[in-house]
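Lifted from TrEMBL, the feature list:
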DOMAIN    1-70  domain 'U-box'
REPEAT    261-293  repeat 'WD'
REPEAT    306-347  repeat 'WD'
REPEAT    358-391  repeat 'WD'
REPEAT    392-432  repeat 'WD'
Amino acid sequence: MNCSISGEVPEDPVVSKKSGLLFEKRLIERHISEYGKCPITGEPLTADDIVPVRTGKIVRPRPAQAASIPGMLGMFQLEWDSLMLANFAMEQQLHTARQELSHALYQHDAACRVIARLKKERDEARSLLALAERQIPMSAPSTIAANASVHSNGKPAADDQLGPGLRNVRPGISPNILDDMTECNSVLSQQRKRRQISPTLAPVDALERYTQISSHPLHKTSKPGILSIDIHSNKNIIATGGVDTNAVIFDQPSGQIISTLSGHSKKVNSVKIVPRDDLLITGSADKTVRIWQGSDDGNYNCNHVLKDHTAEVQAVTVHATNNYFVTASLDGTWCFYDLSSGLCLTQVEDPSASEGYTSLAFHPDGLILGTGTTGGLVKIWDVKSQTNVAKFEGHVGAVTSISFSENGYFLATAASDGIKLWDLRKLKNFRTFTPYGPDTPTNCVEFDYSGSYLAAAGSDIRVIQATSVKLDWNTIKTFPDMSGTGKATSVKFGPDAKYIAVGSMDRNLRIFGLPGDDSAMEP
């Protein structure tokens, strides 16, 4: 039965009461609305004069051309032709998109080169400005030095022609700064007396189940190696310093790189996050220290380039006030800086020794400074007087890392011969660990903020439970070095020890924690 108008099998058939003819419903209704009569007989016809015909809805009627093999072949040919035309149009669009992408990438690369050149010129200008500011006379001795730096013929003398007492004259740590540090020490000491371990601290049984949960390639493959790690505990932001001369700011919760800081010409040995004003300090083998300022768009700009050292800058540590910081170098000096201005207030050298400094850390209260030397000596300094008040001997090889416990009593140091724990109250070594062989140094030791755990990095990563002088310090977890290099260089605990960040001599930052524990990633 075919429609009397279209000649095809109707999908929704109706019959005229007057003529008995079969129609497609939508066609006859349109014809009635326009002409008001039957298209075949010409008789007057209304919508009430048509009656629907019930048909099966499961099996739909086939079109007329599908009733024969030639018709079906024709349908297949039409479908094939339309498919080929659509494929050809898609190929054309793909070719056009590739050309546009290639052009956009070329423009992006050119823009990046221009930006890099402009940043380099800006950094050089800022460094020259900072150098000029530091050469402004700050006191009478500075005026003497300035006068002494001119020959009798009126020409300026080179730095290396000045006497030892006239080079690098510093204004010194002012009484106001000392008062600020003393007040901070008093407040922190009082807080420490009633300090309690956080109830959200990860327990021992949780650390025993830690495993690698993520790995992030942050640095270049051409010069792999992460040398230093620091964590912004309030934001779960991680900073890394690499052999590729870059520092990287990484957002732990999202797993994304926030910014890559380029400017140093050699490897970045130390990075320290200053929670105040989104500041970052980097120390490099190029003998310079840089202070970086975060901006609203996520980028970091270099505010100061500090060139007070004459050899590699090995370590950086920030004072508890977040207003000052100290750097240590292989030139055998440590420098005390004002963070806001980048001014070196004093540069301290031990006249009785010629060894360079390889590690550095502030005591949690801020009035004691610990330094490690290339000769295995640990020195404790009184920051107020800049005098060496204690020396710890016993290490073999350079002291690679220093970490003070937040309880204020313990100091952990690492070197080629392993780890030593020192009691600051009695000034003696009360525990020694040799986790690795004599040919494998311990590259890093780090207490967590609670002082409950101590992490060590060498050919693997170990977590030790911190107890007391008399009790045993047991290793509760050992992680293999997943980089394959056998050199884990840096380790840092996340907030409440909910995760552990590890850097090795490949370009990956690795995060160890409990699988599926999303709360550890939240700031």
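Glycine is treated like the rest: Cβ placed from N, Cα and C.
Broken down with DSSP, the repeat 'WD' (392-432) shows 0 helix, 22 strand, 19 coil.
Remote same-chain residues near the repeat 'WD' (358-391) are listed as 173, 178, 181-182, 184-185, 188-189, 192, 314-321, 326-328, 330, 334, 336, 346, 348, 350, 397-406, 408, 411, 413, 415, 422, 424, 427 (criterion: CB distance under 8 Å, separation of at least six residues from the stretch ends). When the repeat 'WD' (358-391) is classified with DSSP, helix, strand and coil residues number 0 helix, 21 strand, 13 coil. A mean pLDDT of 94 is what the model gives for the repeat 'WD' (358-391).
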